[in-house]
Amino acid sequence: MLLRRLASCPGAGTMVQRFFLRPMSKSVRPSPVTGRFRRDAREDEKRGGEGRVYLHKSRGQHLLTNPRVLDAIVTKSGVGPSDTVLEIGPGTGNLTLKLLEKARHVVAVEIDKRLVEILHSRVVESGLEDRIT
């Protein structure tokens, strides 16, 4: 109801109609548990295929990908060669790999098993598996 009122306001109407009042896709449906909208898993497979990871907003998942930001985080953290780092939610390991280059040991805690597999394979490829737990 509120969105319908906003749609009638001058200036805001076009934006509200474009982003909020669009017809729902067939692949998006309310979750039976929470009532929130979620994408169908089959649709995710069609769109992404192999190698694509969809993140769960309910878990607050996001990935750091900008190399400048990653370098700035590691530099400003002051991690040295004798330090042990605890990383909560390493995701696919973008920051983890940078930390492994600087720290003596990294303890990474991830609850999403899909991301654990990706992280493990990336660490093995880099040859730093002896520095991570």
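Every residue number used here counts from 1 along the chain in the order it is shown.
Glycine too: its Cβ is placed from the backbone N, Cα and C atoms.
Annotations in TrEMBL come from automatic prediction, not curation.
Database features (TrEMBL):
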- His62, Leu64, Gly89, Glu110: S-adenosyl-L-methionine binding site (BINDING)
- 37-50: compositional bias 'Basic and acidic residues' (COMPBIAS)
- 30-50: region 'Disordered' (REGION)
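Shown here: features listed in TrEMBL, placed on the structure.
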residue	record	Cβ contacts under 8 Å, 6 or more apart
His62	S-adenosyl-L-methionine binding site	Leu55, Gly91
Leu64	S-adenosyl-L-methionine binding site	Leu70, Ile73, Gly91, Asn94, Leu95
Gly89	S-adenosyl-L-methionine binding site	Gly60, Gln61, Val109, Glu110, Ile111
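Taking all protein chains in view, 21 other C-beta atoms sit within 10 angstroms of the C-beta of Glu110 (S-adenosyl-L-methionine binding site). Max Cα-Cα distance over the annotated S-adenosyl-L-methionine binders (His62, Leu64, Gly89, Glu110) is 15 Å.
Within 8 Å of the centroid defined by the CB atoms of His62, Leu64, Gly89, Glu110, the record's S-adenosyl-L-methionine site, lie the Cβ atoms of Gln61, Leu63, Pro90, Gly91, Thr92, Leu95, Leu115, excluding the listed residues themselves.
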